[in-house]
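These notes concern the structure reproduced below.
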Amino acid sequence: MRYDVVVVGSGVAGPIVARNVAKAGFSVLLVDKKPAIGAPKQCAEGLTINAFKQFDIPYDKRFINREIYGAKIYSPSGYTAELRYKEVSGVILERKVFDKMLAYYAAKAGAEVLARTEVVDVIRREGKIVGVKAKHEGEPMEIEAKVIVAADGVESTIARKAGIDTYAPPHEFDSGYEYEMIIEGFDPDLIHLFFGNEVAPRGYVWVFPKDEDRANVGIGINSDNEKTAKYYLDKWLKENNIPRNKILEVNVGLIPVGGFVKELVKENVLVVGDAARQVNPIHGGGMAEAMKASTIASKWIIKALEEENLELLKNYKEEWWKTEGPRMEKLLRLRRAMEKLTDEDLDVFVQLVSGTDLEKIAGGNYIEVVKALMKHPKVLMSRRRLEILKALL
């Protein structure tokens, strides 16, 4: 089997690369090791509304559970800050359908798609990578390709086999645990985020409504914690008198929140999405970031193939670090500052920020917010709080 491009992994990043490159007229094979693309999910399923237009994805009700109008955050002592829009700001997806439809769009654009196909190694000839070794339904196969895209998730095999350093220590990951469950008492038009060092160490609890009385209720905590994410989530449910006897689905996963893969390209191999740890360090969301990275990668793959010059692939790394890197590094600095906050600090800051401030913070445009906070008496009276905020400027 021989293709211009083989894409390993059919989550979010992989199908977008496959679709874009196939649309340009090149032969593409998209493979995924799972028997059913999209399952199991490892995601809270929230996506900004802007992504559909920005990345040319149909707004299809088949994979949209609920439209969302904003967010509400809760401090350890119950103080809240709310951001609410008049228009839809995001959606809660059905990832099992969404991911499969992304693969469908790639197939309709001309890509070939093979589920239950696990890539186990690269093929090298005369020191160069010329393809991948895989197993399709247990049968060995070799796939030759000019370009290989590693979009196979946080535990990427193919990037490692290609010699790309994707290692990160355990403390740079969060451990996630989530129930899809029946739950009542939360405004279903908003996502809800609960912070606190006793609630979710180094993370938060989320309630992402999928219906009036059904939601993804999950947690992310530092993966090197002596207690499990499940322990903290069950504790939060019990403390809030939320029965856990109507659980429809359980999902677990690792969330890379401590930094990004530096070497995004090596020879003819590109790494995108969770495999490159291209995840927003503040909220741990990776779908929109994967879409951005895969769009940039697609552009340079197409140019490299059109001009028959694979050296152009390096421009993916350069462009991502130039356009997305600075924002992501700022968010990483913010995350590291937030990890130093006590519950008392969290109470203070949640009382001081507005909904507009929350929007700026989540997008990495937090300098003005930080400067305003530094002038407030509750911050000025604490040298430690001032030092934490100064480090962000």
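Cβ from N, Cα, C; glycine included.
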Of the candidates Arg66, Arg84, Arg95, Arg244, the one that Swiss-Prot places in the FAD site of Ala13, Asp32, Cys43, Ala44, Gly46, Val119, Asp274, Gly286: Arg95
Which of Ala13, Val119, the listed binding-site residues, has fewest other Cβ atoms within 10 Å: Val119
Cα-Cα distance maximum in Å, computed over every pair in Ala13, Asp32, Cys43, Ala44, Gly46, Arg95, Val119, Asp274, Gly286 that the record assigns to FAD: 29
Least Cβ-crowded entry, counting other Cβ within 10 Å, from the binding-site residues listed as Gly46, Gly286: Gly46
For Cys43 (FAD binding site), nearby residues of its own chain (Cβ under 8 Å, 6 or more apart in sequence): Arg95, Asn251, Gly253, Gly286, Met287
